[in-house]
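K.L.:
Pulled the feature table from TrEMBL, pasting it below:
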- B:22-41: transmembrane segment (TRANSMEM)
- B:48-73: transmembrane segment (TRANSMEM)
- B:93-115: transmembrane segment (TRANSMEM)
- B:172-198: transmembrane segment (TRANSMEM)
- B:219-237: transmembrane segment (TRANSMEM)
- B:257-282: transmembrane segment (TRANSMEM)
- B:294-313: transmembrane segment (TRANSMEM)
Amino acid sequence: MTIALETQGLEKSFGGLRVTRDLSLKVTRGARHALIGPNGAGKTTVINQLTGVLRPNSGRILLEGSDITGLSVHKRVLRGLSRTFQINQLYADLTPLETIGLAVSERMGRGGDWWRRMGTRDDVNAEITEILSRFHLLDAMSELTSTLPYGKQRLLEIAVAIAAKPRVLLLDEPAAGVPESERHDILAAVAALPRDVTVLLIEHDMDLVFSFADRISVLVNGGLLTEGAPDEVARDPQVRAVYLGEAADA
Amino acid sequence: MTALTDVSSQAAAGARWRISEVVFWLLALACAFLFPSRYLIMTDIVRLGLFALSLDLILGYAGIVSLGHAAFFGVGAYSAGLLALHGIINEPVIALVAAGLVAAVLGFLTSFLVIRGVDLTRLMVTLGIALLLEALAERFSDVTGGSDGLQGIEMQPILGLFAFDMFGKTGFFYSLIVLFILFLLARRIVYSPFGLSLRAIRNNPLRAAAIGVPVNRRLVAVYTLAAFYAGIAGALFTQTSALASLDVFAFERSADLMLVLVIGGTGYLYGGLIGAVVFKMLQEFFQSLTPQYWLFWIGLVLVVIVLVGRARIHRSVLFVPNLIIRQFVGRKAVVVPESDAS
């Protein structure tokens, strides 16, 4: 099995607080891997290190075998590591068409074109069309993102990440805050992600995790508590104590 | 219509020329023939418009605030002045481009200081750079002429054909043509993927980086471009007025520029141009009313604009023209306030 994404002995401290402790994680290619853990376990800090927003104090991050620990955020994206955000990070004043158009242009290395007008490259347009229709955003493509219903914005959040054509996709709580009525579209979009894309799902929602993931890592206090197939993790008494017990109370 | 052609046409829609834009430029050209006695002030407006367009590129599109944009205006002004004074480049158009390039080099070098940090840091850094340059210009008075400015600049005919005249007619047409060409270039750029990535950065730099946009590189590029524009505006100032003095670096010049964009709005290219017209006309009007206290009235107008909101003012100003348009052409509003547009 080839490893798509790997961390080796990742360490991150804020002052005296160790937020990531000796974290070694392997995500195999094509996996549907979930990273779960109670609030404050350090999931977001891990994501931020994987994507390059934060630099680890020590340890390495490997994407398909090559070291990306020192790469900037945008270079990791161009290498094939893309993410969604737990809280929508979209362009309020841009339309879905522009948002996706930019992502596609950047991936094709055309984002710096300053002479060519938008909408004049057939390959870019074809891909925009494909992504907008896959995420049911064609009807709303020329509306300002800030005016879209929340569920549509959430779909756009995933669509943007997909437009970067990632080989590894980090999904940070994709269904967070989505009302029950619009939830189905999100889950369907997540389930329909191409199989050759490796997905690391960071999630709070246990239903989603167990319906989606084929492997689960449990993060507690910044370190790896256990890892295994969903049914193993579900049976693990330690996990039940620190995590599922707490979730069941909530 | 298939989804693909729909996407293509919608994606290109922003860059299409609107009737209101054509009308705007025809009006600008018409002014040249309607007010032949007012070339000097109209040249002033055109120059300020170009200068404001420069600030709009970084503020309205990339979200970089600057209180020191006069730095580039000043460098452009002195470059053009020195080139003409010492006969290094005699032909005005080539000198103009050269002066713009000098300003662009300065913009490129200082961009690395500016793009770091948040708005407040940027305000302070840009302000500091402009003050630094003003002090340097004063210190090296043997080159710059100090507080007397550059004396005795004589401009050669444009392209060897059109001599500057004392009524400012040549200067006005020259400025207007330069503005129009640079406007076309700016328009081309903002509707390109590059321009789109700037708007994305202004909206959300975090997400822009997360889709692969090299945020810093793009900001450096647009800052350098804006410096070029400001340098050209400064060079036009020297060439059309045949003087360059320390006040080209003045803080008031940078601050006025902010006012122009507050009046005209940012992020749609015409804000700086419309703002420049309104600002200069207000200035003229208030100066003729109360030569001493005109700043009071400008200040009052500014406060009112910010409090009432520009969109609301635009809508009320455009109410009558739009009513007429609807009556006669039977279509929806042709001229829309910038906040409602696009």
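Here the Cβ of each residue, glycine as well, is placed from N, Cα and C on the backbone.
Automatic prediction, not curation, is the source of TrEMBL annotations.
Context for these features, please: burial, neighbours, distances.
P.N.:
Taking Cβ pairs closer than 8 Å, the transmembrane segment (B:93-115) reaches residues 64, 66, 71-73, 75-77, 79-80, 83-84, 122, 125-126, 129, 158-159, 178, 216, 219-220, 223-232, 234-236, 238-239 in its own chain, all 6 or more past its ends.
Listed as Cβ neighbours of the transmembrane segment (B:172-198) (distance under 8 Å, sequence separation of 6 or more from its ends, same chain) are residues 14-15, 25, 28-29, 32, 39, 42-43, 46-47, 49-50, 53, 57, 61-62, 92, 96, 158, 162, 208, 213, 218, 221-222, 225, 229, 232, 236, 239-240, 269, 273.
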K.L.:
Which listed stretch (B:48-73, B:219-237, B:257-282) has the most C-beta pairs under 8 A with the transmembrane segment (B:22-41)?
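P.N.:
Answer is B:257-282, with the largest number of Cβ pairs below 8 Å.
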